């Protein structure tokens, strides 16, 4: 008799919530259905948008007979890495001028986080420091916890961020957690357009955060998934990172080009490393090269070529900034329209937070039972946390969504 399958005892893993939501939406035959869960940009026709500048560059690449399919270097396409780091740190960055910046091309922002996490677990402030506390905001993007856990970190803690009552930043709680964290702890910070709350510190608040972090020797690991997409202004969205660098911090920054280039399935990311001197950055990169070699070995070329070609050409760069602003402006419009409708309906509660938050997501303040009502009764799909993607709203479904939220809030406590 043959033995049972060696996989017989493997338990079924729960589905990834945001992708299950999209699958449920797709299978729903109801014509009223609205998907507010998807983590990607949509046009006013609810369609994905390929940026015109990306189409143009793809055509140029297709017609360039000098290009081939040879392996890229382990750390990635050199032009892409330097352009990506320059985009986040700025053209006049002192750190770049002093050659103490490095980049690692990664498989999206998640890949950048994972390479950074693996490196920190092995080499941060000594060797094999997986007991170093990792602090992530409460709430945060669910993958932050998962990535650092998978990298072997044993002590992952939340820090205060969201004040549910006032629907804004809990600055005092945040500062208290910084003060009480063990020295040399690692803090994962959202550079802009905080996911899921859409609430960012102001520049003055960032200065207070940086001052405590510097005094307590805390290490900033920025996640920058939305540069340009948050406010429509590339410089403004990178302000926090640039300020930390100007204050002399060593830091990591995981960058994603999924949202601001619309290159979701090309997996284009970069891990920017800022050190105190060029020698240490070179040593860091040498160790990251070893980590990449056993992770994906060599990154893909197409997305990196598109980004590098766009960022290095003044005309294409200008066109790209216009494309990004188109996306950011549509989101801002949807925010103000949704708020106006809820206020016109006299929906209980305050709704000013919808326009005060920025980026793709809004933390509505809806509770899980109200969300359940919207999903089951109204066929409006959103996460149990009440997070909605503003891009799921269109001029055609705004009224329906607003009246449905009004019903949920008035009927269900």
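Glycine residues also receive a Cβ, built from the backbone N, Cα and C atoms like all the rest.
Keep in mind that what you see is a predicted model, and the values were worked out from it rather than measured.
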Original post:
For which of 33, 60, 318 does Swiss-Prot record the feature N6-succinyllysine?
Top reply: 318
**OP:** Quick one: which of 123, 141, 320 does Swiss-Prot put in the L-aspartate site with 39, 195, 387?
**Re:** 141
Original post:
Expressed to the nearest Å, what is the distance separating residue 141 (L-aspartate binding site) and residue 318 (N6-succinyllysine) at their Cα atoms?
Top reply: 31
Subject >> Distant-in-sequence Cβ neighbours of residue 149 (phosphoserine), under 8 Å, six or more positions away >> reply: 156
**OP:** Measuring Cα to Cα, tell me the gap between residue 387 (L-aspartate binding site) and residue 318 (N6-succinyllysine) in whole angstrom.
**Re:** 32
Original post:
Which of the three DSSP-derived classes (helix, strand, coil) applies to residue 259 (N6-(pyridoxal phosphate)lysine)?
Top reply: coil
Original post:
In DSSP terms, helix, strand or coil for residue 387 (L-aspartate binding site)?
Top reply: strand
**OP:** Determine which residues of this chain, when 39, 141, 195, 387 are set aside, have a Cβ within 8 Å of the centroid of the L-aspartate site's Cβ atoms, and list them as they appear in the sequence.
**Re:** 18, 196, 360, 361
**OP:** For residue 318 (N6-succinyllysine), identify the closest of the recorded positions 39, 195, 259, judging by Cα separation.
**Re:** 259
